[in-house]
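A.B. asks: Below are the features listed in Swiss-Prot for this protein:
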type: DOMAIN; residues: 32-81; note: domain 'Myosin N-terminal SH3-like'
type: DOMAIN; residues: 85-778; note: domain 'Myosin motor'
type: MOD_RES; residues: K129; note: N6,N6,N6-trimethyllysine
type: BINDING; residues: G178, E179, S180, G181, A182, G183, K184, T185; note: ATP binding site
type: MOD_RES; residues: T378; note: phosphothreonine
type: REGION; residues: 655-677; note: region 'Actin-binding'
type: REGION; residues: 757-771; note: region 'Actin-binding'
type: COILED; residues: 840-1935; note: coiled coil
type: MOD_RES; residues: S1137; note: phosphoserine
type: MOD_RES; residues: S1269; note: phosphoserine
type: MOD_RES; residues: T1282; note: phosphothreonine
type: MOD_RES; residues: Y1308; note: phosphotyrosine
type: MOD_RES; residues: T1309; note: phosphothreonine
type: MOD_RES; residues: S1510; note: phosphoserine
type: MOD_RES; residues: T1513; note: phosphothreonine
type: REGION; residues: 1915-1935; note: region 'Disordered'
type: COMPBIAS; residues: 1923-1935; note: compositional bias 'Basic and acidic residues'
Amino acid sequence: MADREMAAFGAGAPFLRKSEKERLEAQTRPFDLKKDVFVPDDKEEFVKAKIVSREGGKVTAETENGKTVTVKEDQVMQQNPPKFDKIEDMAMLTFLHEPAVLYNLKERYASWMIYTYSGLFCVTVNPYKWLPVYNAQVVAAYRGKKRSEAPPHIFSISDNAYQYMLTDRENQSILITGESGAGKTVNTKRVIQYFAVIAAIGDRSKKDQTPGKGTLEDQIIQANPALEAFGNAKTVRNDNSSRFGKFIRIHFGATGKLASADIETYLLEKSRVIFQLKAERDYHIFYQILSNKKPELLDMLLITNNPYDYAFFSQGETTVASIDDSEEHMATDSAFDVLGFTPEEKNSIYKLTGAIMHFGNMKFKQKQREEQAEPDGTEEADKSAYLMGLNSADLLKGLCHPRVKVGNEYVTKGQNVQQVAYAIGALAKSVYEKMFNWMVTRINATLETKQPRQYFIGVLDIAGFEIFDFNSFEQLCINFTNEKLQQFFNHHMFVLEQEEYKKEGIEWTFIDFGMDLQACIDLIEKPMGIMSILEEECMFPKATDMTFKAKLYDNHLGKSNNFQKPRNIKGKQEAHFSLIHYAGTVDYNILGWLQKNKDPLNETVVGLYQKSSLKLLSNLFANYAGADAPVDKGKGKAKKGSSFQTVSALHRENLNKLMTNLRSTHPHFVRCIIPNETKSPGVMDNPLVMHQLRCNGVLEGIRICRKGFPNRILYGDFRQRYRILNPAAIPEGQFIDSRKGAEKLLGSLDIDHNQYKFGHTKVFFKAGLLGLLEEMRDERLSRIITRIQAQSRGVLSRMEFKKLLERRDSLLIIQWNIRAFMGVKNWPWMKLYFKIKPLLKSAETEKEMANMKEEFGRVKDALEKSEARRKELEEKMVSLLQEKNDLQLQVQAEQDNLADAEERCDQLIKNKIQLEAKVKEMTERLEDEEEMNAELTAKKRKLEDECSELKRDIDDLELTLAKVEKEKHATENKVKNLTEEMAGLDEIIVKLTKEKKALQEAHQQALDDLQAEEDKVNTLTKAKVKLEQQVDDLEGSLDQDKKVRMDLERAKRKLEGDLKLTQESIMDLENDKQQLDERLKKKDFELNALNARIEDEQALGSQLQKKLKELQARIEELEEELEAERTARAKVEKLRSDLSRELEEISERLEEAGGATSVQIEMNKKREAEFQKMRRDLEEATLQHEATAAALRKKHADSVAELGEQIDNLQRVKQKLEKEKSEFKLELDDVTSNMEQIIKAKANLEKMCRTLEDQMNEHRSKAEETQRSVNDLTRQRAKLQTENGELSRQLDEKEALISQLTRGKLTYTQQLEDLKRQLEEEVKAKNALAHALQSARHDCDLLREQYEEETEAKAELQRVLSKANSEVAQWRTKYETDAIQRTEELEEAKKKLAQRLQDAEEAVEAVNAKCSSLEKTKHRLQNEIEDLMVDVERSNAAAAALDKKQRNFDKILVEWKQKYEESQSELESSQKEARSLSTELFKLKNAYEESLEHLETFKRENKNLQEEISDLTEQLGSTGKSIHELEKIRKQLEAEKLELQSALEEAEASLEHEEGKILRAQLEFNQIKAEIERKLAEKDEEMEQAKRNHLRVVDSLQTSLDAETRSRNEALRVKKKMEGDLNEMEIQLSHANRMAAEAQKQVKSLQSLLKDTQIQLDDAVRANDDLKENIAIVERRNNLLQAELEELRAVVEQTERSRKLAEQELIETSERVQLLHSQNTSLINQKKKMDADLSQLQTEVEEAVQECRNAEEKAKKAITDAAMMAEELKKEQDTSAHLERMKNNMEQTIKDLQHRLDEAEQIALKGGKKQLQKLEARVRELENELEAEQKRNAESVKGMRKSERRIKELTYQTEEDRKNLLRLQDLVDKLQLKVKAYKRQAEEAEEQANTNLSKFRKVQHELDEAEERADIAESQVNKLRAKSRDIGAKGLNEE
């Protein structure tokens, strides 16, 4: 990446990559590969040095510091060449060893480049200063960049993970490890920041956020401050050290947008809560609270702002310079707000934190003479108990005297001070840990959104390997975790290496380096390993650390190589055993391991926590079960509670979960390194860094790299860089493939040829070989440079010598000139010349000056003009520049808009494809959903049956209540009789009072009477006491009666509530069903099918609505019954008060009477016993009803869970199908690419054919030139023979051409047959797949039948169970009716009933077991069905692929048909040529006949000549020789004549043979043409049939849509009737629905318009195809014309005929052109019409969008109204709570008054009756007030329920409206897509029309040129004719 490219990174560029200048300087640095080395050093680990000498296996070297050292040769390690200085990926180092890695990191760190790659790792060094490499500019620069395209950075790792997730559709993980202070937390924050920026959900998240909460991105980012406050602390190395590990999963949607997040935590250092080292401090939250930023918090927690007041937090430092605790506290508090914590939750967290502070200050002392602790002051205990919601005395008692279970009894145990202190520390740690885990769970709940999520990226921030002087249990857990992670890395790394080798085709034996660490892992985690032995020892009560050590030694010492006995060194902590880890040997001290692993708590205090009034604390310990947790009845073994699980077991469980998560992801590794322990920026401590490199696996990774081929270079780069080693191997100017060149080059070098391998694209090197090649290259370069220097020096010296020679020559010339001048200077003429010469020059200079002045004036004027012109131009230029900039901005904006539009278009096309695929999937899933629908209806029927059973139970209860009321009336009658008897007694009491008064008057008269009266008073007091007891008993019996009544009412309310719950669940199921129906309707609407099923669903919906009405009516009836019950209860209460009042009056009378009847007491006791029996029976009945209701609820929950699992399974199937779809897409792309290659190859062959035809035409033209020599026939008769030979050769060529054409035809037919055969095979394969699919479906049906049988069996079992329950109910009713009459039989029946109940419970358990087995079989069958469905999907996909192949073969057939037509046209042209040849033959025949006539004339002339010769022979005997020669000529001519005759006969025979061939070809052509026409007709019929079918489907869909709208309107009307209370809101919603219906109508109209436009487009496309065919015909005819024109040059007559034909064809083409023009104009008109339609569609779409927005606004208003109603509901709840509080106060006052009443009764003994009556009146008033308050409370509860129901209905309605709006939006988007597609098609049609016009113009132009050439040829032929005539005439004259 060049410097200009690095400019994108802004100010961070210098901190990320070296500049080009630095790289050049580094490469030119002097370097000697043999001498420059690393040597070991005690302080610095390794130092750079130069070798001085080598002797006897030892090396002497001089270090950089000038120090001379001698070391062994195997300790010396070579340095890397300067090319590798500050390399970004250390795996590319040619010498890959520890010092090379160390110095590369050190040099990069010195340049502040803190990120470096090491193979798969990214190593980061903590800079201890701020660097500008995390800003928004850097984030933008890394976005979308590959790893190789950008410098190393945590953003690059994050972006690669994000891109891999989107492209590979696989979960990713980023593993960030390192020591404390290395920067893990900061890098984790940066990763989260990067994802929050690039994958933000944007506006949607802002709309969705609730008031007070942030967006999802804010919440993810703000989770860190909250967790850091409670999980981070200051350590020696780091001011903000994370004392826990975390795995943050960030979930994304299918498009890569943020969906949700969750956090898992590991190994929180809870010991820090109570203990810190001197240089460290506790968790930040304690000091943040003490910072006094929120004073009200200090008051609430009862603490001061001085940390030293609290023992737990003042053991180390209390302030940190780099942290502002007050600001951090505000950040923590605001983070809680953003994360949605309620004020109650925040206060609970702060209270528990404050309680831990006070825990540390609790003091205890030893009791005298006892080993027993007691509190030393209770102030701190009171504070902590108050904050925790506990009783202080109970807390102290639990700490000092805990209860311990011994056998089956609990015993109080004494604790000493040390044990109490340990218990306090353990409780504080446990509270803090559980609170931290609760916070993580609460944050996860906030980050869990309801948005769909597809993939996640996990970020693991966990402590690295630890080797300290004192290593304990915590270090073992951390090191074990890192051992597992390192094994995971090793395995993953070499799996990737192997994949690379496999991809490159390199032979490689796989070595699983993950197994190297298996021995150590097994030693720790396997059975009888360290962890299992530790857990085993924890179970034994007498086990100690030493017994644990002994067991370890017995099992592992000497048996495992990784387990060793340590060597203890003085001054260091004692170690008990050593483990050999991958990072080194670690000595472990086992003191306190058993205690740490068990981590016991004071269970008495934990029990107090569980009962705490602080809700958070009780929730934290709600699931805690100690060591004595009870055994589960259903299982054989005891199972401890989750809270008592050992630390090691819990850690292993969490670690296994983490490893499972990581294995399911694609990992990325980041290793953080701390450079020094002083936190100094830029300083690197070499031993510390080397220790970390060993610990974090970087050197382990390098070790693995060295086993393979760590260095690899692309062939092109290798050839370019190392060609210099042997240029002869790759010659210049000769093209050689890069791989072959690299093979030749490496083969020619003197190196070990086993050290490299050749891949497909790269050459791979073992470690060190590349350095050797670099050394050879440097040597070669030095030799070349030396040679260049020598040559350049020679050239320079030669140039210098040449200059010296030139100087010498010039000196000689100057000397000669001076000598000549000295010889002539004294001549008189010369002197005269010297005088005149200056004068001449002065005159000339004056003229020149004058001219120059004039010129200066002109130039000055011109300059002024040019200046003015320049200014004008500059002004113009400025304005033009401004315009240019404006235009550029406009162009840029247009380009951006265009790019955005293209992106949107591409995205929409992709979405369309995905939606089409989803539509296909949904059609296949439709049947499954219908089956699920049927199952739901069956379950609904079952629930209805259960509801009816519950109603029957309620009726039974009501009957029992009626019986109880009757009995009560009977008792009331008895009470009335008693009152009548009491009235008689009252009269007696009146008489007695009179006598008493008389006695009192005579009191003074007689002391004896007084004594008697005193005795009477004593007896009366005794009677009063007895009567009071009786009254108390009666009141107790009344209270019990009241309680029974209350219990019955409570049971009734509970049953009514359960009934409501079941009804609500039914309503929810019905709502879910309606949603499923709507989805089905939507899918039917999209798929254009299944109209009948939709009507069924609508009928079912109407039935459900009827049922809903019935249920609502039933609810109203129940509410009325409840009201009646309440009124009856009020009457009973009133009656009770009257009775109590009457009883009190009776008691007063009895008191005075002093008598009591034992009979009444016995009757009261009997009644009381009967009431108690009835109460017990009713309680049993209510318990059983509650059990049945709970069972029903459980069944309902199970059914809901099953539905959820089925939905999850369907989603998984969907994901699998999408994956297979993408794979098939890839296969299809491969096939299409192969087809394109075949088409290209075919085009190349056609080009070759054309070139051959051109060559043939050239040969023809040459042949024609040879034919011109025919004109010399008149002069030489011998040329006839050559002309005949030329003609025969042409005939042979034509024969060859015809045979070639026939061969091509045969090959084409053969290929056509092959294609047909392939098509038949594909059809057979498709049929086979269809058969397999049918068989799979058959198997699926069988499995479904089996499943149905199982469900029927389950239903039968449930029926048996219900029967048993009914029998139980019958026995119970029987027992209740006969209870009063037969007590003995009742007891026996009770025993039998108990036995029957036990049997029934056993039967229920058996049934449940069978149900669970049936559920398992059901799940198994479901899985098999899913597998079968997957097979079906695959077979469907294969069938679809076969269909695609068939379509491709159809296309190929069409292409072959076109080729056949072309061959047919060529055949026609060959026929024409044959005809022309026949005409030429005819001409030749004529010429031959003429030649015969000439021959006869020649014979005659010959005879005449012979006669003359004979005459001459007689005269001249000497002329014999000439006669003999003439005779020879004659013989030759005769032979030539014979040859010509034979040639002519052969030509005639060949012509006849060719004519026969042509006839046969014509017949075959006619047959094939007829067959093709027949097939085309069949195809047209099929197309028409399909079109008709589609139209029928569209009509059916239209009808279904109308039915749907009608049913929707009907449903809306029903809703209007049901929602009478919300008329205004319903009006708005119905208006929105009407708008939606109008939008649907508009959509229909748009669809019809789109169909019309589609038809028009199809017509246009067809017209366009016709145009193309016409143009192809014109082009072919043009070729024919050219061929005929070339033939015209040879034969003039043929030229004239062809010209006539051309004129005819020209007329035809002109007519066709006119047709084309007309078609083009019609196309343009259609385009205009389509544009108008498109604009209309766009306006309509915009209107629909506007209507959607209006509907959205109305929905928002509805939501605000719902929120207002929710507020009203909250107010109602507050008022009800207030009334409840008032009720409690009233009850308290009643109790007080009762107490006062008792006191008043005692006072009444002394004569205070009036006061008692007043108090009773007051009590009655208070009871009336209480009844009124209870009525009001009941009314408010009723109103609250109504409002809750109304809110639910409103939310449901708003949800429905939102779904409608979403559907409308989808429709609008689809319409816009179609509109764009039609636009694009129209534009393409216009472009094609324009191209056709241009082609037509081109053809017309070529035709004109052809005509011109024909005219020229005709003129040339005429000239040749004239010439031939002249030559013939001349020849005749000469003869």
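Keep in mind that glycine also has a Cβ here, set from the backbone N, Cα and C atoms.
Locate each feature and note its surroundings.
C.D. replies: Mean model confidence for the domain 'Myosin N-terminal SH3-like' (32-81) is a pLDDT of 89.
Under the DSSP three-state reduction, K129 (N6,N6,N6-trimethyllysine) is assigned to coil, being neither helix nor strand.
The secondary structure of S180 (ATP binding site), as reduced to three states from DSSP, is coil rather than helix or strand.
Under a cutoff of 8 A between CB atoms, and with a sequence separation of 6+ in the same chain, the neighbours of T378 (phosphothreonine) are S392, L396.
Beyond its flanks by at least six residues, the region 'Actin-binding' (757-771) meets 33, 78, 80-81, 94-96, 501, 503-507, 705-706, 709-715, 718, 739, 742-743, 746, 751 of its own chain at Cβ-Cβ distances under 8 Å.
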A.B. asks: Hey, what's the Cβ neighbour count for E179 (ATP binding site) at 10 Å?
C.D. replies: 23
A.B. asks: Given a separation of at least six residues and a C-beta threshold under 8 Å, show me what packs close to A182 (ATP binding site) in the same chain.
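C.D. replies: Correct list: T124, N126, G464, C672, I673, I674, Q692.
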A.B. asks: Pop the Cα-Cα gap between K129 (N6,N6,N6-trimethyllysine) and K184 (ATP binding site) into the table, whole Å please.
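C.D. replies: Given the Cα positions, K184 (ATP binding site) is 15 Å from K129 (N6,N6,N6-trimethyllysine).
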A.B. asks: S180 (ATP binding site) has how many other Cβ neighbours within 10 Å of its own Cβ?
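C.D. replies: There are 18 such Cβ atoms around S180 (ATP binding site).
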A.B. asks: Could you count the residues of the domain 'Myosin N-terminal SH3-like' (32-81) that DSSP puts in helix, in strand and in coil?
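C.D. replies: Tallied per class, the domain 'Myosin N-terminal SH3-like' (32-81) gives 3 helix, 30 strand, 17 coil.
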A.B. asks: Within the region 'Actin-binding' (655-677), count helix residues (DSSP H, G, I), strand residues (E, B) and coil residues, in that order.
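C.D. replies: Looking at the region 'Actin-binding' (655-677) with DSSP, the answer is 9 helix, 8 strand, 6 coil.
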A.B. asks: Note the Cβ centroid of G178, E179, S180, G181, A182, G183, K184, T185, the recorded ATP site, then list each other residue of that chain whose Cβ lies within 8 Å of it, in sequence.
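C.D. replies: The answer, listed by sequence position, is N126, R237, N238, S241, S242, G464, C672, I674.
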A.B. asks: Taking 10 A as the limit, how many CB atoms besides its own sit near the CB of K184 (ATP binding site)?
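C.D. replies: Taking every protein chain into account, the count is 28.
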A.B. asks: What Cα-Cα separation, expressed in whole Å, is found between E179 (ATP binding site) and K129 (N6,N6,N6-trimethyllysine)?
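C.D. replies: Taking the Cα atoms only, E179 (ATP binding site) lies 18 Å from K129 (N6,N6,N6-trimethyllysine).
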A.B. asks: Please state whether DSSP places T378 (phosphothreonine) in a helix, a strand or coil.
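C.D. replies: In the DSSP reduction, T378 (phosphothreonine) maps to coil.
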A.B. asks: If I restrict to non-local contacts, at least six residues apart, and a C-beta distance under 8 angstroms, what lies near G183 (ATP binding site) in its own chain?
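C.D. replies: Listed in sequence order: T124, N126, C672, I674.
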A.B. asks: Highest CB neighbour count within 10 A among the binding-site residues G178, G181?
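C.D. replies: Per the Cβ count, the most surrounded site is G178.
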A.B. asks: On the three-state reduction of DSSP, what should I expect for T185 (ATP binding site)?
C.D. replies: helix
A.B. asks: Which site among K129, T185 has the most other CB atoms no more than 10 Å from its CB, taking these as recorded positions?
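C.D. replies: Going through K129, T185 one by one, the largest Cβ count within 10 Å is at T185.
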A.B. asks: Between G178 (ATP binding site) and K129 (N6,N6,N6-trimethyllysine), what is the CA-CA distance rounded to a whole number of Å?
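C.D. replies: Rounded to a whole number, the Cα-Cα distance is 18 Å.
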A.B. asks: On the DSSP side of things, how many residues of the region 'Actin-binding' (757-771) fall into helix, strand and coil, could you say?
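C.D. replies: The composition, in the requested order, is 3 helix, 6 strand, 6 coil.
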